[in-house]
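Peer 1: Just passing along the structure, written as structure tokens.
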Amino acid sequence: MMAAGPRTSLLLAFALLCLPWTQVVGAFPAMSLSGLFANAVLRAQHLHQLAADTFKEFERTYIPGGQRYSIQNTQVAFCFSETIPAPTGKNEAQQKSDLELLRISLLLIQSWLGPLQFLSRVFTNSLVFGTSDRVYEKLKDLEEGILALMRELEDGTPRAGQILKQTYDKFDTNMRSDDALLKNYGLLSCFRKDLHKTETYLRVMKCRRFGEASCAF
């Protein structure tokens, strides 16, 4: 049987994951910086896993196996977020300050708010897209968490950061069109990549600040 201590911690973590940031801050006004980072990492992990599962299910359902590799090496799979100075892995992320990583994470998150707002209208079948109506809310929630961390690190006065002049296109609702399928496939691929970057940056910051044993990832 699981010990009472770890089980209680696990239940608390799950409960916090289900709460919006406004409720978390209200319920725990004295939440430590480590607590804010822990919650941000949990939320980013959850969104990244959801993005990965959605991409895999879309690929399995709509994209023939023989076409996947060739498509991933075309312009369809190009993510415009690659044009911003964002680290591509853990080692590069460690060269950036925490505030730089938070600002980049915020840019990545905000670039998806428009396209994902109506995601559930596109994927209405019985795939994993059944949870797509909550993706936008989860993404907004992570945005609030990142802003909360920036306020903590900037003494409550966050500076204006870089604004992306371009965001991703909306998902195409015409799922019977090959062009629409390719477009949506590319968007889901980029969403997965950008959420992986965001999760990596948050984990690097958390591990760098608090030196936990779980830093090996």
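Including glycine, each Cβ sits where the backbone N, Cα and C put it.
Pulled these features from Swiss-Prot for this protein:
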- His46, Glu199: Zn(2+) binding site (BINDING)
- Cys79-Cys190: disulfide bond (DISULFID)
- Cys207-Cys215: disulfide bond (DISULFID)
- Ser132: phosphoserine (MOD_RES)
- 1-26: signal peptide (SIGNAL)
Peer 1: Taking only the Cα atoms, work out how far Cys79 (disulfide bond) lies from Glu199 (Zn(2+) binding site), in Å, as a whole number.
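Peer 2: Just about 17 Å between their Cα atoms.
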Peer 1: Could you state the CA-to-CA distance between Cys190 (disulfide bond) and Glu199 (Zn(2+) binding site) to the nearest Å?
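Peer 2: Between the Cα atoms of Cys190 (disulfide bond) and Glu199 (Zn(2+) binding site), the distance comes to 14 Å.
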Peer 1: Would you mind reading off the Cα separation of Glu199 (Zn(2+) binding site) from Cys207 (disulfide bond), to the nearest angstrom?
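Peer 2: Cys207 (disulfide bond) has its Cα 12 Å from the Cα of Glu199 (Zn(2+) binding site).
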Peer 1: In Å, rounded, how far does the Cα of His46 (Zn(2+) binding site) sit from the Cα of Cys207 (disulfide bond)?
Peer 2: 18
Peer 1: Helix, strand or coil at Cys79 (disulfide bond), per DSSP?
Peer 2: coil
Peer 1: Check the disulfide-bonded residues Cys79, Cys190, Cys207 for other C-beta atoms within 10 angstroms of each C-beta and report the one with the most.
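Peer 2: Per the Cβ count within 10 Å, the most buried is Cys190.
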Peer 1: With DSSP assignments reduced to helix, strand and coil, which class does Cys207 (disulfide bond) get?
Peer 2: helix
Peer 1: Could you check the binding-site residues His46, Glu199 and say which one's CB has the most other CB atoms within 10 Å?
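Peer 2: Buried the deepest by this measure is Glu199.
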Peer 1: Look up His46 (Zn(2+) binding site) in the DSSP assignment and reduce it to helix, strand or coil.
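Peer 2: Going by the DSSP assignment, His46 (Zn(2+) binding site) falls within a helical segment, counted as helix.
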Peer 1: Let me know the DSSP-derived helix, strand or coil state of Cys190 (disulfide bond), please.
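Peer 2: Looking at the DSSP assignment, Cys190 (disulfide bond) belongs to a helix.
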